[in-house]
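Visitor: This is the feature table in TrEMBL:
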DOMAIN    11-420  domain 'THIF-type NAD/FAD binding fold'
BINDING   26-31, D50, 58-61, K74, 119-124  ATP binding site
ACT_SITE  C175  active site, glycyl thioester intermediate
DOMAIN    181-279  domain 'Ubiquitin-activating enzyme SCCH'
COMPBIAS  205-219  compositional bias 'Acidic residues'
REGION    205-238  region 'Disordered'
REGION    555-627  region 'Disordered'
COMPBIAS  560-575  compositional bias 'Basic and acidic residues'
COMPBIAS  601-619  compositional bias 'Acidic residues'
COMPBIAS  664-673  compositional bias 'Acidic residues'
REGION    664-686  region 'Disordered'
Amino acid sequence: MAAAIDGVLPATLQELVKKSKILVVGAGGIGCEVLKNLVLSGFTEIEIIDLDTIDLSNLNRQFLFHREHVGKSKARVAKESALSFNPDANITAYHDSVTSTDYGVSFFKKFDVVLSALDNRAARNHVNRMCLNADVPLIESGTSGYNGQVELIKRGLTQCYECTPKEKQRSFPGCTIRNTPSEPIHCIVWAKHLFNQLFGESVEDEDISPDAADPEAQEDADKQADGDASSELESKAVESANGNVVRINTRQWAKDCNYDAGKLFNKFFNDDINYLLKMSNLWKTRKAPEPVQWETLLPEGITNTESLSELARQHHKLWSVEECAQVFAHALKELSAALKLEADNILVWDKDFPPSMDFVAACANVRSQIFNIERKTRFEIKSMAGNIIPAIATTNAITAGISVMRAFSVLNAKWEQCKAVYARLRLNGRQQFLVPDGFFPPPNPNCYVCASDPAITLRIDTKRVQMKAFRDDVLIKTLNMLNPDVTVESTGSIAISSEEGETTCNEPKLLSEMNIVDGVILKCDDFFQNYELSIIIAHFDAERDEALFEVIADKSQLQPKEEEPEQPKEQEPSSRKRAANGSDITDEGPSTSKRSRPTEIDDSDDDCLVVEEDEDAEEEQKSKLDDVAEVVSDATAKLSVESIPKTAAKRKPTIESEQEDIMEILDSSDEEPAVPTKRKRTKLDDDTSCVEVISID
């Protein structure tokens, strides 16, 4: 090992390596390389944590794993493989979620450096907060295709992981998924919802039947005289009770017909489509869908079952509609059989379980054909449905090597040598493909995580959002808290408690019913993350399918954009961001939103990540800012006033461990460059040393 041989490392660094204690979070593509590098460098006190298990598809880039390890814990197998390089190393492996309460601030404080090799945003946010509170340097790394980056996060010296806004999540209104799909991803999401309706744990927002409440369809119904349309809709509801249109429980209806492929196919791809065609207003400006029937596609039924398995293995072939129907029938048979073996009578969709993937691919392509949308190969659908981030083993190895070299500099306290580094496929103007940052991006003074007095403005419809949704969707999903306590600053009353059962009675109440209205300031405290945040409530009345809330973390965003002076051409690099394809995009500020009744795809699900595309966004934003400027101005002033003492003492919450969502990473092609999450980087030109910034999640 390097540290065991005199002269390989400087004497001071050699001793530091021998004595240091390192935590590696993540044992995937980068994590395996990092662990190997640490062991070969001479580090002997290492702990590694990962909740994931080894899948067959991991073996092409995670070289500490072999075929006999499939199904086993990544962390434990990585430990055993790394010990073969240095049996004297003391490696502790945890097959667990890093967000578990077992790994709090005190756990992180015992390490000299933490190396993050994660691939999902929620876990990265959590590790960022733990390291900030423990005051432990964090080396964050990530790759996307041929691009990679390594950066240091240290409290007071650099910006934290949440100082800059990340890529917004895409979401689709339910009526788009159910009535008027226009992109392949719409059909893929619909197919996954159908899987859950038939075999999984169904959710009301994931109903796949035609949406008669679609505003466009309702408008069409209102135009018909004497209530004919409403009568027709009522008759359809009655028909659905007899199993002809999907208004009954889809799972029960499928069981009643013994998962008959022909009946299910006709219902989803013929009957439901004909029902949609009666909503004529939907098709005034769109091409109408063309229903398909089982008997038309396969008049003789399934004739050769042996060829279906071979067909399903042709992942790069574009299946015909007839082939999709055959794969649909074959997958349906296997899934219904697998369902009978489950004790809880529920299947969880898994992109690596062939029948599940075949079912979604077949259904998505049939629906695409019906709505005149481009069909995709099974491989392409798997990448979209499974949220697969492309990665290359060489990029992982380069990134991991830089991470460990940065760890050397951290141990030596040579902070100037710890600037971010970016790996690129092509050389820049200075003939570099490893591009160092020119400076440390300073902490964002308005960051709602690492600022001295973190506060945000929350635009929210207090008359429609319940306390349970406020906790789950705003505090946990959007602000990445784990188990928050919430008190009303003006009264000291407890609105949400981390103690189980204490405020359960408040969950169904609307915010307005709890006197959480326009101008109220909430004090949020997450004991486990040692994180406190002030939330200024700004009420607005949301329209149907409009965002029910929006987080505004930067108060400077409340200034009208047209009043800002025009900046000269040469400005600070931090005012622009760069996507992986090299195109510049404007920083829109750290704001997120949640839509009413959308099909939303986020990191916590094994779904595709999508970006919201709001029309007239600039005008809407200006209007929103005008609405809340006065409220925020008044409420912000209150933050300096001493709060009324809380009536309840802070207590440590008890939460269950949540399984991390680990995303599969496959190779990518040059034709489809990946776009990483936004992060700062500098652009090197021949005549300037300043850099432009990108971000890789």
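The backbone N, Cα and C atoms fix where each Cβ goes, glycine too.
The structure displayed is predicted, hence computed values, not measured ones.
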Visitor: For the domain 'Ubiquitin-activating enzyme SCCH' (181-279), would you mind checking the mean pLDDT of the predicted model?
Guide: 73
Visitor: To the nearest whole angstrom, what is the C-alpha distance linking G26 (ATP binding site) and C175 (active site, glycyl thioester intermediate)?
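Guide: With the alpha carbons as reference points, the distance is 38 Å.
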Visitor: In angstrom units, rounded to an integer, how far apart are the Cα atoms of C175 (active site, glycyl thioester intermediate) and D119 (ATP binding site)?
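Guide: That separation, Cα to Cα, works out to 31 Å.
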Visitor: Around D50 (ATP binding site), how many other CB atoms lie within 10 A of its CB?
Guide: 28
Visitor: Of all the binding-site residues given, G26, G29, which residue's CB has the most CB neighbours within 10 A?
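Guide: Per the Cβ count, the most surrounded site is G26.
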Visitor: For A122 (ATP binding site), just count the other CB atoms lying within 10 A of its CB, please.
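Guide: Neighbour count, Cβ to Cβ under the 10 Å cut-off: 19.
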Visitor: Counting across all protein chains shown, how many other Cβ atoms sit within 10 Å of the Cβ of C175 (active site, glycyl thioester intermediate)?
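Guide: Other Cβ atoms within 10 Å of C175 (active site, glycyl thioester intermediate): 22.
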Visitor: When the number of other CB atoms within 10 A of each residue's CB is tallied over all shown chains, which of the binding-site residues N60, D119 has the maximum?
Guide: D119
